[in-house]
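Let me begin by presenting the structure, written as structure tokens, before commenting on it.
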């Protein structure tokens, strides 16, 4: 017998969410009581737009560093294949508002002050597709997302 598997993100009605937003997908408790939280960091409206691969790749590398300087406990922040945002996995519990503030502050740094020298992992030794980066695209998308504001609610706009 095969186990029935439900993937939450495929159950989400992508036609009713209002990006940009941060949404707590769920929490899991490990055998020793540790809590892991999974967040939907949706930066662009699903099925209306997507971030080009090179820009998204650069945002990914920058968020890997910038989020960790702003909050403890980040395990991973990986882009969705649809290129509309990221899954972020964290140790512990954090409100969507707290995570949204961290993302907003990180995107602000990308848009305003980041230089090519600030982007980690852009060499052949440190990245599996090191030629596929665009700081210009990352900065432009960060500005567009910040102009719209980041909500801590996926279904009602509550910009932080």
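Using the three backbone atoms N, Cα and C, a Cβ is placed for every residue, glycine included.
Positions annotated as Fe cation binding site by Swiss-Prot, on the basis of sequence analysis: 57, 61, 127. The Cβ of residue 57 (Fe cation binding site) has 79, 129, 132, 133, 134 as same-chain neighbours under 8 Å, each 6 or more residues away in sequence.
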If you count Cβ atoms within 10 Å of the Cβ of residue 127 (Fe cation binding site), leaving out that atom itself, what do you get? 16
How many other Cβ atoms are found within 10 Å of the Cβ atom of residue 61 (Fe cation binding site), counting all protein chains shown? 21
